[in-house]
């Protein structure tokens, strides 16, 4: 039973081995070059591309970079190493061939992401690339990221091929952070692989790291959309980005030429690196990508008959037919060769180098996060763990801790790092800042209202105080008036009493 969004190795069509013929040739070239590095009668490569591949071949083992800085041996030293003191062949020259056979047996993991706005034929392109219905057109899922798995076999070598599709990209009303879904997926696969390597049993490791991203641009005479520019800038820092012009048959030759010039100029001005992980050595030997981007492509799952009567993949129009594999019409075949025939190993190796940098940075971040546990409560730790961090860890000289660092890695596990990644998420930070801004605006409005109310209350209180003072003043006046009246009343009573006493004395005197 097949799961949705994946394909089994038995589903591979007959055309699949042809697609990976370039990868098989790479294995042969590296096998021959490895023998040539140690063999006395080896012949130097004739082409710069073959020389570049020979120099890089010995560094690729099981999809990983190993011993890339080892110098090549000259014929004299090679002869001395291949034989012992008695001149007998000890068989060391066969080791590179055995290693290449082991590499061919184990195969290689390769993940390709197709990104861009909806309606640009990303699904049709993938199906055209492998001449099979790898992605069903009728699958309508609401997931922003869909992964399709397949195993490509050919010439004794197999390729574990993954396709990452991004349906519905750019269809939201607010596309400010639409790119975050793809960026988070790339970062999450890097983190997942780091934690898989820390497990005791690494035989079940799953490598879904994205090695290359084809970004589809809408054909237009007005340049590139802002959404595409922002998204490519974010992706180019995390994956080998290759811009392509979708549905190039909608433009005339002159319009297509001008649009390519506009795209290259915009990419240069916006500082968007193409295949950012490629080193100088690869850049000097690999010029196909950097001379011909953006690639103009036409995709089709239908077969037509060309002018020679041959059955080819193409599109039939009223005015004629277009063979999508004919370089005269588009760069479909060139792009296919660029990815699989010429630069597959470079894409994988450069991604491996980027992964090593991310791994070192992430391990250092986990150690610093463990140090912060002593001063903050961002991570819940036990007293035993706290005692270990305080007494046995030297956070000033991390390298001196040696194996003790793994104790910190156990404390700062994937759950903690996922939480940290969420806290560092640009959309989360932006939403948080927007929420704080709205809160501050609301708070300022409420504070302003409170100040107005306070001012109004103070004014009313002042009016009340004035009224109270006036009433107190009136009360005092009334009290004074009452006192005057009482005084006058007392004086009046006193005078009346004195008059009465005088009259009584007069009457008594008369009687006598």
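Each Cβ is built from the backbone N, Cα and C atoms, and glycine gets one as well.
As given in Swiss-Prot:
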- 31-68: region 'Disordered' (REGION)
- 106-365: domain 'Septin-type G' (DOMAIN)
- 116-123: region 'G1 motif' (REGION)
- 116-123, 168, 247-255, 315: GTP binding site (BINDING)
- 165-168: region 'G3 motif' (REGION)
- 246-249: region 'G4 motif' (REGION)
- 376-406: coiled coil (COILED)
- 451-496: coiled coil (COILED)
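Positions of the features from Swiss-Prot, shown on the structure.
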residue : record           : contacts (Cβ under 8 Å, 6+ apart)
116     : GTP binding site : 122, 166, 169, 215, 216, 217, 218, 228, 246
119     : GTP binding site : none
247     : GTP binding site : 120, 121, 218, 219, 298
250     : GTP binding site : 219
253     : GTP binding site : none
315     : GTP binding site : 249, 298, 300, 302, 304, 321, 322, 324
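Across the region 'G3 motif' (165-168), the model assigns an average pLDDT of 86. According to its DSSP assignment, residue 116 (GTP binding site) is in a strand.
According to DSSP, residue 250 (GTP binding site) is assigned to a helical segment.
According to DSSP, the secondary structure content of the region 'G3 motif' (165-168) in residues is 0 helix, 1 strand, 3 coil.
Residue 122 (GTP binding site) has a Cβ environment of 26 other Cβ atoms inside 10 Å.
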